[in-house]
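Trainee: Pasting the feature list from TrEMBL:
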COMPBIAS  26-39  compositional bias 'Polar residues'
DOMAIN    31-84  domain 'BHLH'
DOMAIN    102-149  domain 'PAS'
DOMAIN    247-278  domain 'PAS'
REGION    19-42  region 'Disordered'
Amino acid sequence: MTIFCSHCHRPLQAEMSCLPTRDKQAPSTSRPFRSTKSASKARRDQINVELQALRSLLPISAQEKERLSYLHTMALVCLRLRGAQLFPSGLPPPAGPALGTELLSLLPGFLLVLSADSKLVYISENVAQVLGLSVVELLAQGDTVFDILDGRVGEDVHKKLLLAREEPGREVTFVSEMRTSKAFRLQHGGNRVVAVCGRFVALHCPPSPLTTAFLALCTPLVQSPTDGEAASQDDVFQSMHLLDMTFIDVTESVTYHLGYHREELVGQSWYSLLHPEDADLAAAQHRAVALGAGSGTAVLRMMRKDRAWTWLHVWARRDGGCITCTCRCLREEEAAHLRARQPRAAAPP
């Protein structure tokens, strides 16, 4: 049986040259692959060299540099570049003292600087005392303020920053949970609630988005009178009452917060200073503390001597035949955050 070639229809034994020959260049396709792989490795090695060079230029200790990953290195470099853009070396720095460790330790929170597009530009080193995360660890979360905040408040924060940017110098405040270390969450049961209060400032003239920054102080929201040694803070005063909430004593610092002198309050009823809309909540907490709960907390409005209303976070506890209240003054945004999470106390039977 004769087998014919499918290409030229001649007997296969008679003509073998009609078969298509294999492309002699085919084996060479592996050479570009090997070349590309080698080039990729060379590029990676060059990138590593450049990252090591950038790391060496960072103004941090050698020990900190050793712990930096490539991600952390790039995050710090970007932070420094944004700072250099806002504070160019050819222009004088904004007026004010340099913030040393001693001065930062006196602040009730940490400092935050944002660019006009909400990018992180500066975070003071004492952030670790508030969030349990170093500046490097916080930057690993992202490069904008929204990356370190609770995502649920993103829209509200965006509106506040937009308002502040449109009206430079106008102070805005927003309250949100901030990301914290795992150790902090295990100890405190969650992230840290922080009040961010700041304004946009033109650092140089003429003002422009490249020379405008949002300068803010981030203060942790105190959850209990012993949290952060609240009793020693300037925004706290204490009062003592009979079981019917008549003042029998109050610290002198009440004058700074409410305008009254101690002598003006002793003998008055606590209820005479409360906002009418908060009377029911205050009465429920009062009954709970006086009749057996031992302690309670409430966010209330109290009248100042000038007839303005001041928000207070009140911790009350019964000490024998008296009730002692520790009161901390709040911004309106802080009060709104705490009241939204404050269950109403039920009156005991």
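Placement of Cβ uses the backbone N, Cα and C atoms for every residue, glycine included.
All TrEMBL annotations are machine predictions without curation.
Keep in mind that what you see is a predicted model, and the values were worked out from it rather than measured.
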Trainee: Same-chain Cβ contacts of the domain 'PAS' (247-278) under 8 Å, 6 or more residues past its ends?
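Mentor: Long-range Cβ neighbours of the domain 'PAS' (247-278): 234-241, 298, 300-306, 309-310, 322, 325, 327, 329.
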Trainee: Just to confirm my parser: what is the rounded mean pLDDT across the domain 'PAS' (247-278)?
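Mentor: The average pLDDT of the model in the domain 'PAS' (247-278) works out to 94.
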Trainee: Treating G and I as helix alongside H, and B as strand alongside E, what does DSSP give for the domain 'PAS' (102-149) in helix, strand and coil?
Mentor: 18 helix, 12 strand, 18 coil
